[in-house]
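Following: one structure in structure tokens, then a few remarks.
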Amino acid sequence: MSQANAATKASSDVFFNASLEDIDPEIFGAIRNELGRQRHEIELIASENIVSRAVLEAQGSILTNKYAEGYPGKRYYGGCQYVDVVEELAIERAKKLFGAEFVNVQPNSGSQMNQAVFLALLQPGDTFMGLDLNSGGHLTHGSPVNMSGKWFNVVSYGVRKDDHLLDMDEVARPARENKPKLILAGGTAYSRIWDWKRFREIADEVGAYLMVDMAHIAGLVAGGQHPSPVPHAHVCTTTTHKSLRGPRGGMILTNDADIAKKINSAVFPGLQGGPLMHVIAGKAVAFAEALKPEFKLYAKNVVDNARALAEELKSHGLDIVSGGTDNHLMLVDLRPKNATGKRAEAALGRANITCNKNGIPFDPEKPFVTSGVRLGTPAGTTRGFGVAEFKEIGSLIAEVLDGLKVANSDEGNAAVEQAVKEKVIALTGRFPMYGYQG
């Protein structure tokens, strides 16, 4: 073997066999530190969850090497016979999970799935209705800073000021006045049951499409803990992470063949090129997990835990927007503790409790300050936390907020936060992740 060939072989051996730690210790270190953070902190961000080792393995597989523009059986590249199997499994499992006739599993994110529906069903300048961001909607539901708010005429609906619940008569009124081409239901911070049937009645009355973004509650729908929008909506979108407990990505479902064709064309070639086949593999694995009987128990536990956490927080003098929760999340009004969301998020973070500041309906504070935090139970429930643990977590949150109230500063109360942090580490140590003890 020549010296050049030997060098090439040696380089190839390193390329295919060296570990991440050997090749890039900086990235390896960041990942290791993030794993430590996830192990030792309580994750209460409602849009986050913990995937299984099987999902991690699928998403980290050699499928990342394969380009597969198009759809199964109709690709623009050769060598797609095995990734076709992967995508077809993901589609069939999603159909079974949600009772939908047509599914597109290619959207790379929640924003892109919603953009695909807009591209398929609307023209620039068309009118659509969506839940106002301040009432628990999403940026892609018509926020003026988002493409959805820039390209279309948006009419927002919101919650009532007295009880923070949706008033369906106040959804119907602007729909009749504005005759939107599409009505979008669903949100990111609404803790009550959605009346899909009434939304469809309103949509039919004004001749609009009904689109449901069930990204936050898809796992609860799959697990039988929230009514399904699929029989009512013309088209549904959902992320595949959050309560569904899969990899980060999006999905679109419909029972209408004509809409399905438009959706497929909007996703590819309208918005995306080659799909992320390693992510689609992770989606397929997560759907298989969600089809198992134990996922129904998981979904029930998510809701039970959320209700327990909300009641515990109320017992410590905090207000819960709309008075409680019927799903996996809650908005906590911090004003009884004289705290802002910004301060509370930072103080809880120092105590190893992760959440996000969040505006509450009719919030007097600025968006980067807020009067509330949003809390969710999917990740903690995946870890194995039950009602007892979430009651303890509620008490720990109140302890931090009471300390923050006494300190009345951005720095918080170091002694209280350290004491809570030690309790959190003890709690998380009883529920190891990925086979790790301690």
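Counting starts with 1 at the first residue shown.
The backbone N, Cα and C atoms fix where each Cβ goes, and this holds for glycine too.
Per Swiss-Prot, these features apply:
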- LEU133, GLY137, HIS138, LEU139: (6S)-5,6,7,8-tetrahydrofolate binding site (BINDING)
- LYS242: N6-(pyridoxal phosphate)lysine (MOD_RES)
- HIS241: site 'Plays an important role in substrate specificity' (SITE)
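Where Swiss-Prot records a feature, it is marked here on the structure.
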{"residue": "LEU133", "record": "(6S)-5,6,7,8-tetrahydrofolate binding site", "DSSP class": "helix"}
{"residue": "HIS138", "record": "(6S)-5,6,7,8-tetrahydrofolate binding site", "DSSP class": "coil"}
{"residue": "HIS241", "record": "site 'Plays an important role in substrate specificity'", "DSSP class": "coil"}
- Message: My understanding is the cutoff is Cβ-Cβ under 8 Å with a sequence separation of 6 or more in the same chain; which residues meet that for GLY137 ((6S)-5,6,7,8-tetrahydrofolate binding site)?
- Response: GLY130, LEU131, SER143, SER156, GLY187, THR188
- Query: From the Cα of HIS138 ((6S)-5,6,7,8-tetrahydrofolate binding site) across to the Cα of HIS241 (site 'Plays an important role in substrate specificity'), what is the distance in angstrom?
  - Reply: 16
- Could you name the residues, excluding LEU133, GLY137, HIS138, LEU139, of the same chain that surround the (6S)-5,6,7,8-tetrahydrofolate site, i.e. Cβ within 8 Å of the Cβ centre of those residues, in sequence order? GLY130, LEU131, ASP132, THR140, HIS141, GLY142, SER143, ASN146, GLY187, THR188
- Item | Among LEU133, LEU139, the most crowded of the binding-site residues [Cβ within 10 Å] | LEU133
- Item | C-beta crowding around LYS242 (N6-(pyridoxal phosphate)lysine), within 10 angstroms | 28
- How many Å lie between the Cα of LEU133 ((6S)-5,6,7,8-tetrahydrofolate binding site) and the Cα of LYS242 (N6-(pyridoxal phosphate)lysine)? 19
- Do you know offhand how many angstrom separate HIS138 ((6S)-5,6,7,8-tetrahydrofolate binding site) and LYS242 (N6-(pyridoxal phosphate)lysine) by C-alpha? 14
- When each of the recorded positions HIS138, HIS241 is scored by other CB atoms within 10 A, the minimum falls on HIS138
- Rounded to a whole number of Å, the separation of the Cα atoms of LEU139 ((6S)-5,6,7,8-tetrahydrofolate binding site) and the residue listed as 'N6-(pyridoxal phosphate)lysine' comes to 17
